[in-house]
Amino acid sequence: MEGMYPLGVITASILAFLLLVGIHGRWGKGRKATGKRGSGEVAAGFDEADVIVVGAGVTGSALAYALGKDGRRVHVFERDLSEPDRIVGEVLQPGGCLNLFELGLEDCLNEIDAQRILGYVLYKDGRSAKLSLPLEKYHVDVAARGFHHGRFIQRLREKAATLSSVQLKQGTVASLIKEDGIVKGVVYKTKSGKESKAFAPLTIVCDGCFSNLRHMLCSSEVDVPSYFVGLLLEDCQLPFPNYGHLILADPSIVLFYSISSTEIRCLVDVPGQKVPSIANGEMEMYLKTIVAPQVPTELRDAFVMAIDKGNIRTMPCKSMPADAHLTPGVFLMGDAFNMRHPITGGGMTVGLSDVIVLSNLLRPLHDLHDATALCKYLESFYILRKPVASTMNMLADAFYKLFGASSDEARKEIGQAYFDCLSLGGGFSSDSTALFGGLIASPLHLIIHFLVVVTYGVGHLMLPIPSVQGLRSSARLMSAAAGIILPLMKAEGVRQTFFPSTFPAYYRAPPAQLKQ
C-alpha cells in the first residue's frame with residue numbers, strides 16, 4: 001500500500017495538470033472570442049454568441065458580416081431563410097453601393113443579373129427631364145443597381161455564412177429575455193415549432209418593416225400613406241435604357257426600372273389606406289383606365305399585357321420616424337427602427353450606412369457584458385447616423401408630398417417648380433440626383449435645395465409684373481412649403497440633425513471597462 005502512494009500522487013498530478021490545461025484552453029478561447037480581433041480572425045465555438053442578430057434581411061445580413069469579420073461570434077435568427085419574393089427593395093442607390101464597398105460586400109451584386117441605373121427620367125404633363133447621376137468622380141462602379149430583391153438577400157446571407165464566426169439559424173424570435181431591465185437574449189421557435197432560448201450580451205433587432213419586436217423597443221407610430229401595386233413587364237425595353245423612369249401622374253407616381261436583363265418592374269403608387277380589389281376586377285379596371293393612358297407609349301402595351309397576366313401584387317408604403325427606447329442589452333436597427341416612403345429607394349442605403357456606423361462604434365470594444373455602459377455609449381449611434389438617415393428620410397417624404405396625391409394647389413405649384421428647375425439641367429439637377437442617390441449626406445444641403453425650389457416657384461408667380469393675386473399665391477406657396485418641410489425636420493429632431501455637436505454623445509469615447 002505504501003508503494004502505491006507515490007504512483008497515486010504521480011497519477012493525480014498528471015490528471016490535475018491535464019485538467020488545468022483544458023480549463024485554461026477553454027478560458028483562453030472564450031476570452032479570445034469575446035475580445036477585439038483582427039479582421040481576418042474568426043471564432044471557432046458556437047456554444048455562446050457575442051451578438052444575436054434578429055433578421056437576415058439587408059441590414060441584418062450585412063451587420064452579421066461586418067461583426068463577424070471583426071471576429072465576433074454572431075448568431076442570426078431569420079424566420080425564413082428561403083429566397084424572399086418582394087416588390088420593393090429592388091433598387092440600391094449609388095450611396096448604398098459605396099457602403100457595400102466599404103463593408104467588403106460589393107461582390108454581392110455579382111451573379112444576380114443586376115442592372116446598372118445611370119440616372120432617372122421624369123415625365124410630367126407631356127414633358128420629360130432626363131437626369132444623370134454624378135458618378136464621374138468615383139474610381140469604382142457605383143452606379144445604382146436594379147435587381148430581384150430575393151437574389152440580393154441570398155447573396156448577402158451567403159457572404160455572411162462564409163465566416164465561421166457567423167451562424168444563420170431559421171427560427172422566429174417570439175420575445176426578448178429580460179432580467180432586471182436588461183435584455184439577455186431571445187426566445188425563438190424553430191421551423192418544427194420547438195421553443196428554444198439563445199443568450200448573448202447584445203441583441204440587435206432588425207427584423208424589417210413587419211417587425212414583431214418593434215413595439216417592445218420604440219413608441220413611433222407607423223404611417224401608411226399609400227400602397228405600391230407591382231407588375232412585372234417582360235421582354236420590353238425602357239425608352240431610356242439604364243435609367244429609372246418616374247411618371248408624375250394623376251393621382252400619384254408610377255415607377256419603371258429594370259430588375260434583370262429581361263424584366264422591368266412597374267410600381268404604381270395608390271394613395272390612401274385601401275387599394276382597389278384585385279379579386280373582383282376593380283384593380284384591373286383602375287390600372288387600365290386611370291394609369292395606362294399616362295404610361296409612356298413605348299411601355300403601354302407591355303403594361304397592359306402585364307395586367308392581363310394577372311400577377312398583380314401590393315405592398316404597403318410605410319413611414320416611421322426613428323424613436324427607439326434605450327434598453328440595456330438590445331439595439332433596434334433597419335426598417336424595424338426607421339422607415340421613409342419607398343418612392344426614392346433610399347431604405348437600403350440608410351440601412352447599410354447604419355451598419356457602418358454601428359460596427360465602427362463596436363470595433364474598439366473587447367467586452368460587451370456591461371450592458372448599462374454599452375447602452376450609454378451607443379447613444380452616439382443616434383447622432384452619428386443623422387447625416388445619411390435624415391437626408392434620405394426627409395427627401396423621400398418631401399418628394400412624395402410634392403408629387404403624390406394632393407388636392408392642395410400650392411403643393412402642386414411647388415411640385416411644378418421643382419420639375420421646372422430639374423428641366424433646366426446644370427448644377428441644380430446634378431445636386432438633385434446626388435441627393436436622390438445618397439451621394440450627398442447633408443440635411444442642411446437638402447433644406448437649401450428645397451428653399452431654392454420655393455424661391456423659384458415664388459418668382460414664377462410674381463413675374464413678369466407683381467400683383468396682389470401673385471402675392472397671395474406666393475404666400476400660400478410658402479405656407480405649403482413650411483407645412484411640408486417643418487414637420488419632417490421636427491420628426492428628425494432639429495438639434496440632432498442640424499446641430500449634432502451640441503450633444504455630449506457626439507463626442508463619446510468607448511468606456512474603459514469595455515475596452516479591457
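A Cβ is built for glycine as well, from the same backbone N, Cα and C atoms used for every other residue.
Curation plays no part in TrEMBL annotations; they are all automatic predictions.
Among the features that TrEMBL reports, domain 'FAD dependent oxidoreductase' is placed at 50-80. Long-range contacts of the domain 'FAD dependent oxidoreductase' (50-80) within the same chain: residues 33-39, 41-43, 89, 103-105, 152-153, 156-157, 159-160, 163, 165-173, 185-186, 188, 198-208, 211, 213, 333-336, 348, 351-352, 354-356, 358-359, 362-363, 368, each at least 6 residues beyond the stretch ends and with a Cβ under 8 Å from a Cβ of the stretch.
Residues annotated as domain 'Squalene epoxidase' in TrEMBL: 199-469.
The transmembrane segment annotation in TrEMBL covers 6-27 (among others).
Residues 93-96, 98, 120, 133-134, 144, 344, 346, 349, 353, 386-388, 390-392, 394-395, 398, 413-414, 416-418, 420-421, 428, 474, 477-478, 481, 485, 489, 492, 497-498 of the same chain lie 6+ residues outside the transmembrane segment (434-458) yet bring a C-beta within less than 8 angstroms of a C-beta in it. The transmembrane segment annotation in TrEMBL covers 434-458 (among others).
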Checklist outcome for this item: The DSSP breakdown of the domain 'FAD dependent oxidoreductase' (50-80) into helix, strand and coil residues is 12 helix, 9 strand, 10 coil
Checklist entry - Averaged over the whole of the domain 'FAD dependent oxidoreductase' (50-80), what is the pLDDT? => result 97
